[in-house]
Amino acid sequence: MESTGGPYLNTAAVTSPVGIARLLQITFGCTTFSLVAHQGGFSAAYGTFCMFVWTFCFATTVFIIACEFTHLHSCLSLSWGNFTAAFAMLATLMSLTAAVIYPLYFVQVGCYPIGCEVRDFRIAASVFAGLLFVTYATEVFLTRAKPGQVTSYMATISGLLKIVQAFVACIIFGALVNDSQYGKYVATQWCVAVYSFCFVVTVVVVAFSVTGKTALLWFPFERSVVIYTFGAVLLYASAAVIWPVFCFDSKYGSPRRPGLCAKGKCPWDSQLVIAIFTYVNLLLYILDLAYSQRIRFVSHL
């Protein structure tokens with residue numbers, strides 16, 4: 001690696017507003033999972049997910065700061081601006097989810113039966129989990145593309161929406177595997193195909209942007225993404241019509257939640273979650289299509 005003649009360490013990586021936000025992310029993330037691991041405790045899939053989120057975000061943020069502080073990111077075959085912007089948005093969504101799930105399932109007002117000390121640790125962990133979400137959201141706010149600014153694609157509204165779309169699709173998949181009975185009709189299977197196709201293509205778009213390989217493609221990547229987004233709007237519009245009809249119309253499903261349906265194991269609940277997030281993703285793809293008309297891709301930043 002040739003020397004550029006500049007300083008070996010990039011102090012702005014820890015002294016700039018974004019750098020300070022990342023230092024706070026490390027502090028709050030480490031505090032959160034330490035409180036949970038030491039005394040707060042966690043169990044089942046929900047608790048394991050929360051611990052994964054906090055440790056994953058902590059480790060990745062440490063990696064980002066270390067690379068920027070030492071300039072090692074210039075040696076990586078990544079579009080660093082796209083990578084950091086994509087991770088900040090993903091971490092924001094994941095930390096928000098964990099900040100909601102952990103207190104919902106593990107925090108209680110009274111001390112019985114877990115004891116007051118454990119309860120206090122769980123409350124403290126929930127507070128720091130909320131602060132962690134705020135710091136990641138702050139980074140997204142600070143690094144997002146400003147009007148007229150030349151920046152990486154993932155820092156634009158359209159790029160950030162790609163991360164949200166993929167995250168919402170993961171929620172849909174989680175509800176699908178939770179006894180949603182999507183295999184009863186060909187129409188609902190079509191909806192699953194829509195969710196899967198759009199998720200895969202969205203992930204591919206993000207992957208090409210993060211790796212900075214868009215210039216190597218034999219077709220115009222920018223135009224292809226816009227065309228895909230338009231197609232995704234049409235596909236999700238079809239799912240937004242088909243799924244509710246075949247799940248909640250009295251001819252095919254149930255308009256109301258069955259009275260004998262067990263909480264947490266009711267297909268109707270999963271079907272409702274899928275319907276709601278189908279409309280959420282449809283709106284996100286429409287917004288994405290609107291914003292994608294106003295941006296230009298920059299893969300090398």
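Numbering starts at 1 and runs along the chain as displayed.
Glycine too: its Cβ is placed from the backbone N, Cα and C atoms.
TrEMBL: automatically predicted annotations, no manual curation.
For 13-148, 153-297, the entry in TrEMBL reads domain 'MARVEL'. According to TrEMBL, the feature transmembrane segment maps to 44-66, 78-101, 121-142, 154-177, 192-218, 225-246, 272-291.
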Intrachain residues whose Cβ lies under 8 Å of the transmembrane segment (78-101), provided they are six or more past its termini: 25, 46, 49-50, 53-54, 56-57, 60-61, 64, 67, 126, 129-130, 132-133, 136-137, 139-140, 143-144, 151-155, 159-160, 163-164, 167, 206, 209-212, 298-301
Close approaches to the transmembrane segment (44-66) from elsewhere in its chain (Cβ under 8 angstroms; 6 or more beyond its ends): 13-14, 19, 22-23, 25-26, 29-30, 32-33, 36-37, 72-73, 84, 87, 91, 94-95, 97-98, 101-102, 105-106, 129, 132, 136
Long-range environment of the transmembrane segment (192-218) - Cβ separation under 8 angstroms, sequence gap at least 6: 77-79, 82-83, 86, 152-154, 159, 162-163, 165-166, 169-170, 172-173, 176, 182, 225, 228, 232, 235-236, 238-239, 278, 281, 285, 297, 299-300
Per-residue pLDDT averaged over the domain 'MARVEL' (13-148), given as an integer: 94
